[in-house]
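*Asks:* My questions will all concern the structure given below.
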Amino acid sequence: MNYSLIQISDCHIDDNKYSMGVNTHINLKKIISRISHINIDVLLITGDLTHKGSITSYKALQQMLYPIQIKLLIIPGNHDNKNNLSATFSKNLFSQFTLGKWEIININSVQVSKTSGFLTKDELIKLELNLAQSIAQYILITLHHPTVPMNSTWDDSLSLENPEALFNVLDKYHKIQAILFGHAHQAAEFKRLGVKIISCPSTALQFNNETRIGFNYYTLYDNGQLTINTQWI
């Protein structure tokens, strides 16, 4: 059986509807309207759900997501407030999730009060344990921060600070098919040792010359193949 997954990222919902010079509420509603007409199994949000982390902004986001009555998986970003995010979306935060022969494993790359990401020793140990114990045939890794240079105007110093520590763990496991992240506000795809490395565009605005908003649509196949279609509005 094949599965469909949509990834959105960096919504930056704020109390006054505007952040970074755009109405992030209207933009996200456009994305949700498009997604609500697509038959999918999982919606994944890879961080920065809100801009300042207020409880009211999470409640507003919760209301906006209501039309999408499917499994929702959420990971935090550097703009998120851990306590307020957990208070609103505790049932949606995850470390592992199974989809047939596939497993999605999340790692937390967020540092308190820093824009860039870092994987602590404890986080790497947990990742290694999750990978070693996984009975899935194929694995997706998710985190907020980019794990490779973006080859764009993006400032790579704001990405994951210790990607080599991550790859030292991941390179031991050949079941990993892709790494998905956000943070860079741009669509991009790379490949490393046969593993797809995929950046998701923002629902708010992009940091490159792209003027549209968008999301990534994935199909996970029973044979381990993964296809991606970035959709723009």
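Cβ coordinates are placed from backbone N, Cα and C, and glycine is handled just like the others.
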*Asks:* Taking ASP15, ASP41, ASP48, ASP222 as the options, which does Swiss-Prot list with ASN78, HIS144, HIS183 at the Fe cation 2 site?
*Replies:* ASP48
*Asks:* Would you say which of the binding-site residues HIS12, HIS185 has the most Cβ atoms within 10 Å of its own Cβ?
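*Replies:* By the 10 Å Cβ neighbour count, HIS12 comes out on top.
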*Asks:* Using a 10 Å radius around each Cβ and counting other Cβ atoms from all shown chains, which of the binding-site residues HIS79, HIS144, HIS183 yields the largest count?
*Replies:* HIS183
*Asks:* For HIS79 (AMP binding site), which of these binding-site residues sit within 10 Å, Cα to Cα: ASP10, ASP48, HIS185?
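*Replies:* Cα filter at 10 Å returns ASP10, ASP48.
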